[in-house]
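Student: Sharing a structure below in structure tokens format, with a few things to ask.
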Ligand code: AMP
């Protein structure tokens, strides 16, 4: 999923990029990078870890220029830990200078990659961003304009993507024709900002201008933004999981305040509440849902679990037993809130079921008499092909079990998921414009081996 930002600012871009990426840190913690351009050359710094591990004042002060891009990287398991995949990537070829970073999952990646390898291109990473850069470079070398190079490249990509690039000093921002990956832009006193989520505009005191339209290419300079609709689709496929889990609740994505969607989902879950003493979120992802549940049901909102903010990554724990205890390190029940009580716990999703099982057991260990689990997404029955690590079908607990069997496995007193209809109504975007592949098994693009009954029709824009 990753978080991306591109900025044009006459006062310099390194610090604004740092702040924007900081607001997007939840979208990727594996690595971070910033590339800036001063009219002659690129300046770049990138490395593994969170933004604050990678950047310090001294480094930022060296990143000169009034245009720049950056990324906080999230990669799927298969590509994790490969430092060569850290973005942005910078390229100099012929008379061109290109820097690019993309949050992307391509369906036609293998075919495109082998086509470009056969054309003589050699890749130094496994990223789609490098592949897209190669495609843009080939277009430019064939003699088309900068804008046409992006247009022709977008027309050949099949998948979900949001990207920002600097080509010969000009900033470009582009979004997939189904709108699966979020991207919006805003205006500051001294320039423009394109970012994955609106929270990154807030931190820069930028005025929100618009979401980049699905299939749109923006060309951004200090003088303004020009729009080109490159691709059109009969229906969109906005990612439901952005609203349920990925995005920050204070972001507005394609017109929907994420917090509102989650509160409404919580209220839907509260239609037939069990007799309970308190509603508690599983922090932090369950908070907005739980507030909606509590106000709709009238059951008091009391935190039965608190999160330790300072827990690092769990893989640094040296033994399997310690890793098993990762959930315990992240969260601690409030004994006096849960002991002897009937507790409703609200979380965003169950993927493999490991987290829910540990949490339910932990709350019971602290004396809860009943633990009712409520989940803000529909059961996840299929993997995601668009860049979200949701495990394989074999690992997904809901792919093989019905709700009652899942309840038993996670030791909950009762278990309820939000229905697909309520989920859609809470988000407020029509079902035919949402990607719900992970909960319906029906995907908006042609995925080999998957149900293709609801593929969107994508055409070049007129
Ligand atoms: P699991 O233990 O596999 O059932 O994971 C479910 C928990 O992980 C939930 O509490 C979610 O908040 C969180 N989660 C859901 N999707 C993801 C994801 N793609 N990456 C990391 N964590 C996730």
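Backbone N, Cα and C atoms are what each Cβ position is placed from, and that goes for glycine too.
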Student: According to TrEMBL, 239, 435, 438 bind [4Fe-4S] cluster; so which of 184, 268, 384 is the extra one listed there?
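Tutor: That [4Fe-4S] cluster site, as TrEMBL gives it, pairs 239, 435, 438 with 384.
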Student: Per TrEMBL, what member of 280, 285, 419 joins 347, 348 in binding Mg(2+) at one site?
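Tutor: The record-listed residue among the candidates is 285.
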Student: Quick one: pull the CA-CA distance for residue 384 ([4Fe-4S] cluster binding site) versus residue 348 (Mg(2+) binding site), whole Å only.
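Tutor: Rounded to the nearest whole number, the Cα-Cα distance is 16 Å.
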Student: Return the residues near residue 347 (Mg(2+) binding site) by Cβ distance under 8 Å, restricted to its own chain and a separation of at least 6 in sequence.
Tutor: 281, 282, 285, 286, 289, 355, 356, 359, 373, 374, 375, 376
Student: So which other residues, same chain and not among 239, 384, 435, 438, have a Cβ within 8 Å of the centroid of the Cβ atoms at the [4Fe-4S] cluster site?
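Tutor: Filtered neighbour residues, in order: 180, 240, 241, 385, 386, 388, 390, 436, 437.
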Student: Which has the fewest other Cβ atoms within 10 Å: 239, 384, 435, 438, the binding-site residues listed?
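Tutor: Each of the binding-site residues 239, 384, 435, 438 was scored; lowest Cβ tally within 10 Å is 384.
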Student: List the binding-site residues 239, 347, 348 whose Cβ sits under 6 Å from any atom of ligand 1, in sequence order.
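Tutor: Those binding-site residues that pass the cut-off, since their Cβ is under 6 Å from ligand 1, are 347, 348.
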Student: In DSSP terms, helix, strand or coil for residue 438 ([4Fe-4S] cluster binding site)?
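Tutor: Looking at the DSSP assignment, residue 438 ([4Fe-4S] cluster binding site) belongs to a helix.
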Student: Determine, to the nearest whole angstrom, how far the Cα atom of residue 438 ([4Fe-4S] cluster binding site) is from the Cα atom of residue 348 (Mg(2+) binding site).
Tutor: 14
